[in-house]
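Okay, structure first, notes after.
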Amino acid sequence: MAAPKVAVVGAGVVGLSTALCVAETCPSCSVTVLSDQFSPNTTSDVAAGMLIPHTYPGTPIHVQKQWFKETFTYLFAISNSAEASEAGIHLVSGWQVFKNTPKEELPFWSDIVLGFRPMSKAELQKFPHHQFGQAFTTLKCDCPPYLLWLEKRLKAIGVQMYTRKVADLWELNSEYNVVVNCAGIGAHQLVGDEKLFPVRGQVLKVHAPWVKNFIRDGDGLTYIYPGIHSVTLGGTREKESWSLSPDPGTTKDIFDRCCSLEPSLRGAQDIKVKVGLRPSRQCVRLQREVLSQGGVKLPVVHNYGHGAGGFSVHRGTAKEAAHLVGECIAALQGSSSRAKL
């Protein structure tokens, strides 16, 4: 068969990474990214981009650990290269603090981040309302630069990108051999996934260049993540809320919570408010499916539903999705060669 044509629907961090992995693992393919929104207007642009995994109850821990390890290894290599600044990837050290000692003092990812250890008594004095903490170094992606860097990499290897709203995967059937669904929260409508729901996140981006260490409350709701140009303050987790409008009361609440962890933030300047809808479900949907209509078949690979943990596992899930695309293409080539016989 001629060079297989693959369409990736969605241009957030998962869509762009998946397109890159497909193009890298299947160089004979022609890959196209289709999305109604590109950076800076994606949900990924709002994300803090910290590599601290969010646990998926419906996915085996060893699988989540593999995804995280592959993502960390990939981004760590970029952070040690001349491209680190353009890609917006850097190491950041800090603390995760708990009001009560957690049941699991060693999370499953503790041996993948760097220098993971319990906090000392002296360190804990900085957080009088918390009695236990963990110190470690991890990676942070500044999201808009990272998405633009991914787009640049894709263009360099000949991947096409078009602004297009895909309302139904079937509309791609005549143009493409395989479709990859990385539509994020859009998959709710696109494929009618009732298990997918939005978790609204509101964050503040502030100018506070003196804040060098991340601080994350163990409940995951309050966090301070320093980036290259701004510090991200969060946050909220509002299930089933579709509102993209910033809420002033929430802004004040986030700012106050973050100032209680890091009082120097009272001097922060230039506060911008961002809202995104995390595409959440019990587990990431990462699977092959063959849609069929009137005897016509369309191979689809789904890779969406990463919720709050997209950046932490994006490269690992993209590699797995690319492997599934390879399986789809092998099956198509097998059936076309059988047809010739």
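Glycine residues also receive a Cβ, built from the backbone N, Cα and C atoms like all the rest.
TrEMBL entries are annotated by machine, without manual review.
Note that the structure is a prediction, hence the values are computed from the model and not measured.
Tertiary proximity for the signal peptide (1-23) is limited to same-chain residues at least six positions away from its ends with a CB under 8 Å from its CB atoms, namely 29-35, 37-39, 42-44, 47, 141, 143, 146-147, 150-151, 153-154, 157-159, 161, 166, 169, 172, 175-184, 186, 190, 303-304, 306, 310-311, 314-315, 317-319, 321-322, 325, 329, 332-333, 336. Under the heading signal peptide, TrEMBL lists 1-23.
Annotation comment: TrEMBL describes 5-324 as domain 'FAD dependent oxidoreductase'.
Under the heading FAD binding site, TrEMBL lists T43, S44, V166. Other Cβ atoms within 10 Å of the Cβ of S44 (FAD binding site), summed over all protein chains shown, number 30.
If you look up TrEMBL, you'll see Y223, R278 marked as D-dopa binding site. Cβ neighbours within 10 Å of R278 (D-dopa binding site), excluding its own Cβ and spanning all shown chains: 24.
Here the domain 'FAD dependent oxidoreductase' (5-324) returns a mean pLDDT of 96 for the predicted model. On the backbone, the CA of S44 (FAD binding site) and the CA of Y223 (D-dopa binding site) stand 17 Å apart. The record assigns T43, S44, V166 to the FAD binding site, and the maximum Cα to Cα distance across that set is 19 Å.
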